[in-house]
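Now, the feature entries from TrEMBL:
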type	residues	note
DOMAIN	41-301	domain 'G-protein coupled receptors family 1 profile'
TRANSMEM	26-50	transmembrane segment
TRANSMEM	62-90	transmembrane segment
TRANSMEM	102-129	transmembrane segment
TRANSMEM	150-170	transmembrane segment
TRANSMEM	198-226	transmembrane segment
TRANSMEM	246-271	transmembrane segment
Amino acid sequence: MNSSKTPGLAGFVILKNTTCHTEKKISVFFSIIFMTVGILSNSLAIAILMKAYQRFRQKSKASFLLLASGLVITDLFGHLINGAIAVFVYASDKDWIRFNQSNILCSVFGICMVFFGLCPLFLGSVMAVERCIGVTKPIFHSTKMTSKHVKMMLTMVCLFAVLIALLPILRFRAYQIQASRTWCFYKTEHVEDWEDRFYLLLFSCLGLLALAISLLCNAVTGITLLKVKFKSQQRQGRSHHFEMIIQLLAIMCVSCICWSPFLVTMARIGINESRSKETCETILFALRMATWNQILDPWVYILLRKAVLRNLYKITRGCCGVHIINLHTWELSSIKNSLKVAAISESPVSSKQINLQPLGSMGQ
């Protein structure tokens, strides 16, 4: 019988053939720590976002705040739901035969793993595109990127991630209990059917595509910010440039380091079919690495602000005893000043006014 099409037997086949054994105490410790730290970090980020949204209601920051709120809320529910299911599995001694006879819990677990895995990646790429448009085309961003459009993008991203997660269920393909017996996902052992390979490759390709879009847009944003910094003789936007460049570097490093192992592992399993040599320990390590990205997301996007960077700069300067960078006083609305500089450099009307100013002064 084909185990992929018989939900009641899908888990039992893997339970008999499992060769991956994880120590219960260490595994429970990891699950509880990941869930607790993730919930606390994202809750703190949500509180900071709500406070920032009440304090700053500029149109230029509204879209970023909405996207960041969607990201941290998704991460929060991901840690809450997936963490609660994982702790329940450990508490039940991973006895799936007893509490998963109809395969409902495994299906829910698998859907949540796919949705809460892809959705933050999609939102991260959308945030990178939004920042790229805001820096390179500030006039277009201020007129077209409204809160209504951002909410529509959030809804479309969530619906697309839900569709990808429900695709195996709609095709009557059951999510599989993995070899460690601690989580459910697409079939990763003895993958021979083309449809099972398709799901693995679809997940990995979409995740890698989201990372590639984020890398490209963040690189364009960083280069644009550097150009504006060197062209502008004013000192107003330097703190914002410094802040954004640090954030972009952190975002790219964290996303690639945390998600690349899991996405590449799933792609290799899908490509190599049954000849894949990926072990259960390798997959479990890559999964924990991906979990850390959802823990670090709020710290990178929200908590790595100019106030934190200013304190770090003061500590570094005090330890080194050398004047490294002459930072100007950190202004309250530095993002607004940076957008003004970029908008003035783009606007043809402003360039004409600048060219006419010396003539007016000569006439006087």
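Our numbering is plain: 1 for the first residue shown, then up by one each step along the chain.
Glycine is no exception: its Cβ is also placed from the backbone N, Cα and C atoms.
Nobody curates TrEMBL annotations by hand; they come from automatic prediction.
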Surrounding residues of the transmembrane segment (62-90) on its own chain - C-beta under 8 Å, 6+ positions past either end: 24, 27-28, 31-32, 34-35, 38-39, 42-43, 45-46, 49, 52-53, 56, 96, 105, 108-109, 112-113, 116-117, 119-120, 123-124, 126-127, 130-131, 134, 141, 145-147, 149-151, 153-154, 157-158, 181-183, 294-295, 297-298, 301-302
Per Cβ pairs under 8 Å, the stretch of 26-50, 150-170, 198-226 packing most closely against the transmembrane segment (246-271): 198-226
Mean per-residue pLDDT computed across the domain 'G-protein coupled receptors family 1 profile' (41-301): 84
